[in-house]
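Asker: Take a look at this one; I'll ask things after.
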Amino acid sequence: MLHSRISDLAAPGYRSALYAEAFTAFGTPRFLCDSGGWLLRRPIAQTGLSDAMGLYPLFCCADWSAVAADLRRDCADCVSVMLVSDPLGDYDEDLLRRSFDRVHPFKDHFIADLTEPLDSFVSKSHRQNARRALNKVDVELCETPMQFLDDWIELYAVLADKHDVHGMRAFSRDSFEQQFRVPGLVMFRASRDGETVGLDLWYVDGDIAQGHLAAFSKTGYACSASYATKWTLLNYFADKVRWVNFGGVAGATGQGAQGLQHFKTGWSNTTRRNYICGSVFDRAAYRDLTRGRAETSYFPAYREGEL
């Protein structure tokens, strides 16, 4: 039974208890009762010890000023804790540095501030590509996302194969079914001749829409369906939220990463940086676990390479 108040069960998106339950294959969800965020407590193999991490991909909470006290109280029995901050969270870098031992800049996320008209910032080429794509595919808001779970599983398999997705990001069917139950899920479906060729998943929390996952079939890629779904969702969100987070680009080098950065830049008009934050609570155990390992910026060092 997850530790949660009734009001917290109703929290949307990445703050939802239902979203936390999607990760039970990897650990035990732990609710931080003052800040309103979730961690995943995980065993450290062959040690009898455990540590904690924020939920993938972002740690979101209601009160960032309460995180430090939550961690001191609820993670005292953990070797360490690590999380990736929500770029649209109500904090500044100084607060993070007062709350954690380690704070490192991670990614610049591409954000659309919808107080500005779409035509003022969505690039001309993106709008042209969207119009062409919408002549090839239809895009609709999914009123009942669970109806398309099987389609999603097939599409995500294409994505996983294309990008060598593994580890925690290689979600199981059970995990996806749980994610589809999370309050605040908004999903857009691209179809061609009635066949699903793309699904674009978002979580809405207040005035923020977080891009969660998107996947397309080979036909979807050929039709540039991603342009169609992005243009459609921006128009849908225009009078409903202020911020639309298209996510960041990890290590924007190489042709693929540069192409993704160009794609996200064309939909956005600002950026927000997020951070990898970590603290050690059992320093002796941490030293033992990292002894003999090469120096690394990854935290915690004993889990390097797992994601």
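Keep in mind that glycine also has a Cβ here, set from the backbone N, Cα and C atoms.
Keep in mind that TrEMBL annotations are predicted by a computer and have not been checked by a curator.
For reference, TrEMBL lists these features for the protein:
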DOMAIN    125-248  domain 'BioF2-like acetyltransferase'
Asker: Could you tell me the mean pLDDT over the domain 'BioF2-like acetyltransferase' (125-248), as a whole number?
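Answerer: 97, rounded to a whole number.
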Asker: DSSP on the domain 'BioF2-like acetyltransferase' (125-248): how many residues come out helix, how many strand, how many coil?
Answerer: 57 helix, 35 strand, 32 coil
